[in-house]
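A quick write-up on the structure given underneath.
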Amino acid sequence: MAHLCLFSLLVLSLVLETQALTPTHHLTTTDVARLQAVLSQPFTDLKSAYYSVVGLSKLGIFVADADETCRFINSNLDPSSVESLFYAAEASQALSGCEIPVTNDTRDLLLATVSEDSTASQIHQSVSALSALGLPLASQEVVSALKARISKEDNVLAIILALQTASRLSQQAELGEILEEIEDLAARLDDLGGVYLQFEEGLEATALFVSAAYSLSDHVDMEPPLKEDQVIQLVNSIFSKKSWDSLSEAFSVASAAASLSNNRFHVPVIVSAQGPAAVSHSHPFLQLQVTDVLCQPLSSASVLVESASAVASKSAILSQAPFTLRDGVFELNFMASQPASGYYQFSVAITGDSRFVANHVELKVKVSTRVAINNMDLSVVDKDQSIGPKTTRVEYPTKAKASFMADSHQNFAMTFQLVDETTGVELTPHQTFVRLHNQKTGQEVVFVAEPDSKNLYKFELDTAERKTEFDSISGTYALYLMVGDATLENPILWNVADVVLKFLDEEAPGTIQAKTLYVPKPEIQHLFREPEKKPPTVVSNAFTALVLSPFLLLLILWFKLGANISNFTLSPSTILFHIGHAAMLGLMYVYWTHLNMFQTLKYLAIIGSLTFLAGNRMLAQKAVKRYSNYREYFVYLSDLFLMW
Amino acid sequence: MSNSVFSVISRFVEEYRSSTPNKLKMIDAYLLYILLTGVFQFLYCVLVGTFPFNSFLSGFISCVGSFILAVCLRIQINPQNKRDFLTVSPERAFADFLFAHTVLHLVVVNFVG
């Protein structure tokens, strides 16, 4: 049971490891040199002197004339300012044999600054100055002051300075709570696309965080709560910028680089191929540079190819093959395994130190080779197969002596083989073209030669079939073979022979104009939609009159039938109804000419409701008048009842 | 043959003239008017062309709709059909006629363009 657990854990860790990030950005030797140059600029004041001296010391470089610098520091020191004392103390500690005179007042000033009322930055400066000058300090007081400041100033920079300060205190002090701030700060980092991890305050804050976190972790000998992927993302963020705006930014990058290359827990490994990751018979060694973030080679590392497999066929070529270290570069003779040409996926592991982070790298390696053309046979075959083909063999790079004739009765054919020069294995490069070039007219036609199942390349030219490509222009064409591929070291352009082609019904346009692709094209005139043909106005008017004419007929008929308005009562509801009804008809006309549905519905609601109320009254009155005969009304009611 | 047809027609006309109440005759005149209007619109469409088609459709539908509503009114008003329309008084029929016409004209005017 325990074995199973262990095994599954191992498998899980392997799986997790293989999916770990590798740094996409790192400092190259030129970048490190540039960083040094920025930090080596002549300093103007104490602050820039501090950055330069301490920054360079982190990169392992010591200032040229230490005495001159020491004198500069002493002359610019202002003993009444904590900041000035901090810069001077730190800078003098980085220089060998530089002393800052310390008075009791200085010491009292520095000790007094350690309190809850000073800012975190001030506490940091005074504690660092005290420790650099070798003066005693009360660590517990500092811790309580820092804790108070952290809760008051909750910003990232203050907490980073608190971490830096804590790394100067005695190990007996209770640094546990401050140590927890590392995790809180790490949670505040912004993950950009899974590649970068940085504070929104910027590069400097991120770099200072890294150096503070590792210096505190080293001081208390506890691993910082940063996962491997997070460390790599931090590396990407900090080292993605290769030129720095200010001295303080350069200083922060130098501190971060120094702490990442030399701490007790995490050392990110940078693996890069020297030159292109390509091998061939002339360059059989695959060379890798394995360094830390400051481009210093890792002495204790041993590099191993865990597996190498071809990309195309996925067959494994190598397994567990070690690299040998030579002159600071790790190399492996890959050609010794006699790989076929193509691309290979390498999985490389760097071991030797448990601190290594991102020590599994995936590389794509190209194996190039030289190609040779074998058995180039040119022949002219009769279409009706009555006469046997005449085959001429041509050797690369010579040209066939005689030119070949092909007209409508004959086909021109070409067969050849492409092989690897050293191994003799057949190759199928990406580009195998046959180019026919008419020297007189400058016309050029390109065909593709295809391999058959036995990897024998064939090309056939049927003049009758292909006359459109040639524009039916007869003449002498120079035949070239073009072979190319990414994995070929020697791409080939070979003038194999001359071919005389004869086409039927030659148009002979004289000279060929180069296809005019980039000439202005004829302008397109936009045709607007033609309005539909309307009938002449006379016809429309005549039919309008015709359609309206039955109304006259209606009036006449009604008059004849004796329609009258004698029953028209002048009650208000009647008048209102008729006005309302007329208004509704008028609204219909206005709707047709001016309004939209929403407005019409609005007006219709108003007029309609008025008309309805008036009409209801009017019709009720009419009904009452009609039912003035009670008997009829009674009959009506009884019928209604019967219906139920 | 034509003789009997002619006599049927003349009989029908005579019956119509005598027994149909005036109210119904007026509605019949209105029906004839609507019919003729519709026929003339259709004639135009056949002779001259369907442009603009939406106007033709709306006008034609208006005629058809009005005809139907008038026929409904005629049926409901006819005193011989009183048994079938006990809950519908002639006034109610007329009010329905007006309301339906409002809706019909709203649609027709929307579509005529």
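Using N, Cα and C of the backbone, Cβ positions are placed for all residues, glycine too.
These features come from TrEMBL:
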type: DOMAIN; residues: A:27-261; note: domain 'Ribophorin II N-terminal'
type: DOMAIN; residues: A:269-367; note: domain 'Ribophorin II second'
type: DOMAIN; residues: A:375-501; note: domain 'Ribophorin II third'
type: DOMAIN; residues: A:528-626; note: domain 'Ribophorin II C-terminal'
type: SIGNAL; residues: A:1-20; note: signal peptide
type: TRANSMEM; residues: A:542-563; note: transmembrane segment
type: TRANSMEM; residues: A:575-594; note: transmembrane segment
type: TRANSMEM; residues: A:600-619; note: transmembrane segment
Remote residues contacting the transmembrane segment (A:600-619) - C-beta distance under 8 A, at least 6 residues beyond either end: 571-574, 576-577, 580-581, 583-584, 587, 590-591
Number of helical, extended and coil residues in the domain 'Ribophorin II third' (A:375-501), per DSSP: 4 helix, 71 strand, 52 coil
DSSP-assigned states of the domain 'Ribophorin II C-terminal' (A:528-626) in counts, ordered helix, strand, coil: 77 helix, 0 strand, 22 coil
